[in-house]
Each structure stands twice: as C-alpha cells, then as structure tokens.
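Annotation comment: TrEMBL describes 1-24 as signal peptide. Among the features that TrEMBL reports, transmembrane segment is placed at 247-268, 315-336, 345-363, 369-393, 405-424, 458-478, 485-506.
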Amino acid sequence: MDTGTGMQWIVIVAAGLFLRATVSLHSYSGANRPPMYGDFEAQRHWQEVTVNLPVGDWYRNTSDNDLLYWGLDYPPLTAYHSYVVGLWARRWHNESFVALHSSRGITTDEHKQFMRNTVLLVDALLYIPAILYATHTVRRRLANNPGKTHREGEWLSGALAVLFPGQILIDNGHFQYNNVSLALCALGVVAIIERRTLLGAILFCLALNYKQMELYHALPFFFYLLRDCFAGMDASSSLGHRFVRGVRKLIVLGGTVLLTFIILWLPWLRSLDAVGQLVHRIFPVARGVFEDKVSNVWCVVNVFIKLRNIPNTTMALVCLLSTLLAVLPSGLHLLLQKTPSPRSFLYSLTVAALGFFLFSFQVHEKSILLAALPAILLLPLEPLASGWFLQVATFSMMPLLHKDGLTGAFVGLTIISLMLLRTANERRRSQPSHDALYLRGFLPDGIANKPTGSVLVALFYLSLLGQILLLVAFLCLSPPAHLPFLYPLLISAYSCGHFVLFFLYFNYRQLEVVDESDGCGGKFRVVVVSSQFQGKPLLARHRLVNAALEEELKTIHAFSQKTYTPEQWAGESGP
C-alpha cells in the first residue's frame, strides 16, 4: 500500500469514528419508555444476566432470569461478548450498571456513555478495519480495471462502506452490536477470495454464532465451499482419485466447522435438554412472520391478507418454501460452476441475503443490514447499483429511526453519502448538468453516454425523489384517522419494490459472470502500466512483461496483455 492510500484510509477511519461518535449523542431504542425500554436495555440486561448467573442459567427461565424481560435469544458468542462487557462495567466502571434486578432500566448519562463507547470500540478495532480490508481486497482481486479504479477515486468504495448510514444509525444510534457479526462475515468473505477456505469457514461460523441471522449468508458459503472441495484438481488424474481427494477436503472442512461449534457450545453440550433450550431461544417461532412495518413481501401481502390470522407453524413453512425457491437457483449456480468464482460468490451472497429478507420468517427492519454487507463488498465492482441499494436500505428503516429520534442523523448521513458519490466524479464537468451527482461516471464505458445510461441515471433520481416525497409526507402530514400507519406502510412498500428489483438485478449479474479461465483456472488477462515502456514498440513491451513473469507463465494456460505508458494510460482512462 502506498503512502497516499494509507493517508486516505486514515482520513476515512477518522471520519467514520467522528460520525459514529456524533450519532452516539442522539437518543436510542426505548429511551425513557418503560417497562421494556428497547434494544439498548436488552443489550445491557444480557450483561447483567451473564455476569451474575451461572452459564447454565443464561438461556433458562429462573427466579433470577425472567425470559419475558429481554431473555437472551442470540447464540453463545453474543453471550460471551455480553459477559466480557459486563465484567468491564463491574470491575472498571460502576457495578450498578449490571447489578442483578436493580439495574433494570438504568438511564444515567454515565451508563449511556459507557454503552456507547463499547460499540465505538468494536467499530475502531474490528468493524472499520475489516470493512476497509474487505473492499480493498475485492478491488485488488476482482475489479476489471484496478488501475482505472484507483485513478478515479480508489477511496470511494472504502468511504461509502465505512460511512454507510444504515449500520451507523442502527449500531451507534438505535443501539446494537451488528458490527461484530458483520465484520466477522466480511473477513470470512475475504478469506474465501484469498483461497484460505478453512479460515473463511471458521470466521463465518463465528459470525453465525454471534447472530443467527447470519443464516442469510449461509447457503452461498455452503455451496461455494462444497464446490471448492472438488475443484482445481489435476484433470489427468482418474475420476475416482479426484473424488477421494474431494471427499478428504470435505471431511477436513466439515470437521473444522464442527470443532468450531463444539468449542463455542461446550458449556451446553453436557445435556440434550440444555442444547434444546438454547436452540429454542435462538429460533423462536412464536414471534410471528415479521415485526412492525418491515420492507419485505409479507408486510405488503399483509395489507390484503391478514397473515397474523394464519397459524405461525403454517406461515413458517410457507416462508421456508418461498425462501428456498428464491435463493436456491443462485446457490446451485455456485455449486455447478466449473471453477468457483469469487465474483459469483459475492453476487450470490447479496441474492441470498435479499431473498431471506424478502421471503423468510421473523424478519426485522434491521435485517436489511445483512443484505447491505455483500452490497458494500460489491462497491468496487458495482458502485452505482450498490450505492443505490445502500441508500434505499437506509431509507427503508426510516420509521424505526424516527421512533428513536434519529431523523436528523438519517438526513445528515444520507446527504454525506450522496455527496461522496458526487465528489468521486466531480472532475467530469463535461457531463450533462441535470446529472447533479455525476452518476454517469460510475457506469461502464459502453453505456455511460448511451440511452441506457440516461435511463439508469433518471431512474436513480426518480427513486430519490420518491423517497424525499414520502419522507416529507411522513414527517409533515397527518395520516387519515382510519389509516394511522399509512406512511410507514408506504415507505415499506416503496422500499420493498426496490428490493425486489435489486434481487432480480443481482441474480442477473451473478449469472452473467463469465469464467475467464474456461474452467481451468489458468487463463489470465492483464493490464500493465509502466514508465519502462517509453519509446518501446509493442513487441518489446510484451517481452519485458514476459521476462518479469517467466516463472509464473510456466503454469499458465493462456495469457494476454495490454501495455501502456503512464501518459497513454491517463488518456485511456480519462474522460
């Protein structure tokens, strides 16, 4: 990494932490709303439970652990995290923060500052570094033209990722620790891209054991890792030999996953009853198909057919079948590829997470963050589509954010994100004046100045205009007396329509990805920019590159190259 890139990262990290700290000054979920308060109190209560009760009682209903009052319902890694934070509060801050029973609903400024700082610490030490490293890796490994990406604003994907309003508003405003599971999942994706599959599997298991909603990403991981076990083998070997080697790799992979789960679940593995209770707490069917006005298909269908009148078990089965039908084609595409493609893997993660959000059971508004993570990782490859999706994802949570007193923070962070898009292409002054954000700069060269590009840009602005109109109506206009939830429902339906279209788009993009290696993994196409090419003809340039790659070319099936001087490259990648 050069000095310029390092400074860009430092500025992005500083801006990310500053904005998070600023949002932390706002209200939070359930503030001053007894008796249950909200997610802020839930997280605090789990610290109270884990530091005061034996491990065996963490998920059980006892006289000291009323499960009806924010009973622990996340997997063991969340419980361990709550325990560590609770110990920190007890030993180095104020024991009253986690005192059994008497700490319920605590609202002191000192405690609020402590809780906010625990989220900021995770952001600084885990989430922000993980997201920056992940987007950097995707750009370096998978971008079609990394040199051009660098010239036109290498910082953009990192900045949009770190400053994504949705994650900031939920974790640092509403109050949760999504940053832990999202960071672990992002690192797992990076490990997969870097072909460190066992490490990727372990990291994803950690993410899944922090929040069970990481199941949204499970199928792409499963299908990609399964295919990887049987890919990349010597074609000259017999079919039986290749199958045996694949089975061995699969056994090692399965054993690694199983061992990770055993270590994390060890305190509850002494009895089937304890395991059953933990599973029951993690997957509560009784809560219903969705909560509040979530932007998924079932919330829209509920306008016409009251789904809460259908038994939960029946509805859970319908959701399961619908979700599988939505996400299996993407997963099977990963499984049946000749050679596992990291690009297809990223698109499949987005498709699967969106499919789960749109069709699965027990969906929260905040679950859209799970679809936002792979969209963030796609920013180096799909800056316009991913940035558009992230913007709508944040808007879809507007009713929840408004209830938490975060409307101003939402507007401010959204404006910052839109200005980042504009800044990245601001030098392209030759673009039409109506393109205020210079969005054409994010389109492929083949369509940027064609009617297709004009339509895409117009659709983005129409989408943004619709959001503004709905936001103004939600904030300023009183709904009809017989339709008190009209505006939250319209926001949900409007966002859901976008998500369905994005779901179809990312499906198409996954299927469109072509294996450049024809299944052999050894076909490469490169662009080389060097001042050593000055004054040299094409053949001499190619000889220089071939000499530098002499050893690597011995194992490559096919190799094509384009060579440029820095001046030629500037002209090639310029407006």
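Heads up, the Cβ atoms here are built off N, Cα and C, so glycines get one too.
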Do at least three CB pairs under 8 A connect the transmembrane segment (485-506) and the transmembrane segment (369-393), leaving out pairs fewer than 6 apart in sequence?
yes
When you scan the chain for residues with a C-beta under 8 Å from the transmembrane segment (247-268), skipping those not six or more beyond its ends, what do you find?
55-56, 59, 75-77, 197-198, 201-202, 205-206, 209, 225-226, 228-230, 274-275, 278
When you scan the chain for residues with a C-beta under 8 Å from the transmembrane segment (315-336), skipping those not six or more beyond its ends, what do you find?
219-220, 222-224, 226-227, 285, 288-289, 297-298, 307, 344-345, 347-348, 351-352, 355-356, 358-361, 503, 507, 510-511
Against which stretches of its own chain does the transmembrane segment (485-506) lie, if we need a Cβ under 8 Å and a gap of at least six residues from its ends?
292-297, 299-300, 303, 326, 347, 350-351, 354-355, 357-358, 368, 371, 385, 389, 392-393, 395-396, 398-399, 463, 466-467, 470, 473-474, 477, 479
